[in-house]
């Protein structure tokens with residue numbers, strides 16, 4: 001198809017001045033052949049009283065400039081006629097007018113209403129096109145017109161014959177649709193056929209009466225919307241399948257002036273905002289098109305740029321008319337209009353001849369061709385072909401395939417005539433059979449493999465767990481043995497004191513008893529029994545109850561933890577807090593009971609008051625003569641009592657609130673101390689493990705200390721506050737044998753768990769000296785306990 005590349009042509013037209021208007025200074029030079037230039041002189045205003053560095057002269061180039069006295073027919077011949085000729089030849093065309101309100105856009109595009117000679121570009125183009133169509137009898141032409149108005153980013157169909165619209169909102173709304181090839185389609189925009197000039201002009205007139213006109217101070221009949229009048233022409237030579245479709249957009253844009261100048265209020269301001277926004281998007285598209293290496297052009301930002309997509313940088317011959325008002329007050333706006341025009345002049349369009357094959361003719365041709373080929377086939381095969389195989393033929397083919405597959409002779413063939421339909425059918429059947437057998441094989445395989453994999457994986461995991469557990473137990477035993485040696489020393493001291501005590505009764509009354517009490521109080525500072533009471537009375541704040549609470553410490557760790565805790569300074573803090581908390585709980589309980597009593601008392605008094613009311617009302621009915629309006633002293637007394645009770649109730653309630661806050665604070669403090677205690681223990685435990693490794697590396701099978709501490713850290717983030725009556729959950733890395741000893745004794749001191757008649761539950765090390773130590777230590781402890789008892 002033929003293609004025409006050219007930049008958008010830009011023309012300027014100067015509006016004649018009104019009677020009272022003062023002209024700004026401007027000059028036009030240029031001859032018929034070369035582009036003309038327009039110059040504005042803006043003198044510095046001395047009245048401003050300060051130095052003004054703005055430029056004085058502005059010069060712009062245009063294809064041609066029409067001065068104030070230019071007539072409508074001259075404008076049409078120069079600007080619109082060349083575009084109309086291209087449209088008749090099958091190219092798309094666009095003419096749009098741009099300028100501030102009142103600069104003569106509508107006059108140029110549509111024309112004035114007074115004189116016939118004032119007709120604008122649209123009516124003149126229509127009559128020119130219909131003249132040309134009548135002269136050309138070599139083609140068949142059809143012509144349609146559409147008239148779209150865009151107001152506040154909504155499209156309206158101005159040519160809907162059912163509406164003689166009183167308001168714009170009554171008109172059908174037009175929406176934009178985009179097809180996969182990025183062509184724009186306008187949904188709800190009617191195309192009206194026009195067979196001659198008269199019909200076309202009537203449609204234009206209908207559209208113009210439907211246009212919305214709003215009053216602004218600048219122009220009494222100012223147009224506040226964009227209007228696009230489109231002429232669609234399709235042509236075809238008789239007998240040819242080629243169809244030429246072209247369209248000509250004639251666009252009257254809204255005023256380009258800035259909002260402040262219109263002096264508009266209320267909904268006019270909204271209009272001005274939208275109008276300027278869509279012109280701003282038009283400008284963005286034009287700036288983007290003028291840049292050399294821009295890949296994305298923002299056409300979709302507004303309805304107007306979407307509709308004019310082809311006209312700007314696309315398949316279209318486009319012409320712009322800049323309308324200028326040279327009145328002194330409007331020179332600024334005119335200069336900005338000229339600047340816009342200079343940018344538009346940089347855009348290159350590629351207009352293509354719009355030819356397509358008429359689909360109806362194409363279908364007729366193809367049907368004819370198919371029929372001819374079918375007849376030819378029937379001649380060769382001697383049978384008339386249908387597009388589908390008959391039921392009998394299908395059954396016959398299935399039998400052939402079955403016998404072919406069952407036949408073991410490598411030489412056997414499947415013979416189905418030279419008929420593509422039968423060959424295709426055989427292939428699809430074979431494919432189905434093959435897929436079916438593949439699927440069933442896969443299913444069998446997939447069932448077997450996972451079963452084997454699972455058993456192997458489970459065994460490996462089990463082994464790994466056992467190894468870890470063994471390692472952990474070893475390390476715990478080693479640490480415990482060290483601790484027991486230290487404990488043995490302590491126990492000997494205590495025994496020594498006890499012996500001394502039994503010697504002299506006076507001494508017994510003094511220091512040892514104190515010692516005993518001290519040791520008792522320190523060792524019992526946080527026994528499991530109390531832990532049980534405590535955990536049941538304290539509701540943990542949610543952010544502290546971590547998941548690790550559920551995983552109990554391994555048994556070895558618990559032993560060590562009890563001893564560690566006994567000597568820790570934080571224990572005293574915990575004890576104090578616990579005492580205080582108990583007191584506060586008791587206070588709160590008493591207060592709660594008093595509050596309930598108070599509430600009941602108030603209800604009771606209210607009941608009495610109501611009774612009194614009823615009695616008096618009954619009295620009033622039975623003896624209306626007596627004076628009953630006087631105050632009732634009983635009633636007053638009841639009211640006073642109720643008030644007093646209420647005041648007491650409020651005081652107690654606020655006190656209870658304060659208590660609640662204090663209790664919560666105490667609970668938090670205790671949680672914090674416990675957390676700290678535990679953290680310290682974790683640090684100490686891992687240090688012990690590392691020290692042990694350095695002293696006796698042969699005792700720890702793995703050189704990696706990580707097996708000691710992380711293993712512990714995982715399993716013991718929380719104090720063992722689970723109540724002793726609960727069955728212990730044995731965590732995965734815990735020795736199942738531990739189950740027998742899992743109920744923790746609630747004795748205040750650390751105690752090796754020795755169920756009656758069973759051997760000790762502390763693992764023996766095999767080192768006879770160490771074992772002797774352990775047993776001696778246990779004995780010593782039991783002696784102390786008995787004496788205390």
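The backbone N, Cα and C atoms fix where each Cβ goes, glycine too.
Curation does not apply to TrEMBL; its annotations are automatic.
Taken from TrEMBL, the feature domain 'Kinesin motor' applies to 7-347.
Listed in sequence order, 13, 15, 323, 325 are the same-chain residues six or more apart from residue 104 (ATP binding site) with CB atoms under 8 A from its CB. What TrEMBL records for 99, 100, 101, 102, 103, 104, 105, 106 is ATP binding site.
For 449-501, the entry in TrEMBL reads coiled coil.
According to TrEMBL, the feature region 'Disordered' maps to 714-766.
Annotation comment: TrEMBL describes 714-728 (among others) as compositional bias 'Polar residues'.
Per TrEMBL, compositional bias 'Polar residues' is recorded for 739-749 (among others).
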Most Cβ neighbours inside 10 Å, all chains, among the binding-site residues 99, 102:
99
Would you mind checking how many other C-beta atoms are within 10 angstroms of the C-beta on residue 103 (ATP binding site)?
28
Per residue, counting other C-beta atoms within 10 angstroms of the C-beta, which of the binding-site residues 100, 101, 106 reaches the highest number?
100
Over the domain 'Kinesin motor' (7-347), work out the mean pLDDT and round it to an integer.
82
Return the count of C-beta atoms lying within 10 angstroms of the C-beta of residue 105 (ATP binding site), excluding that atom itself.
28
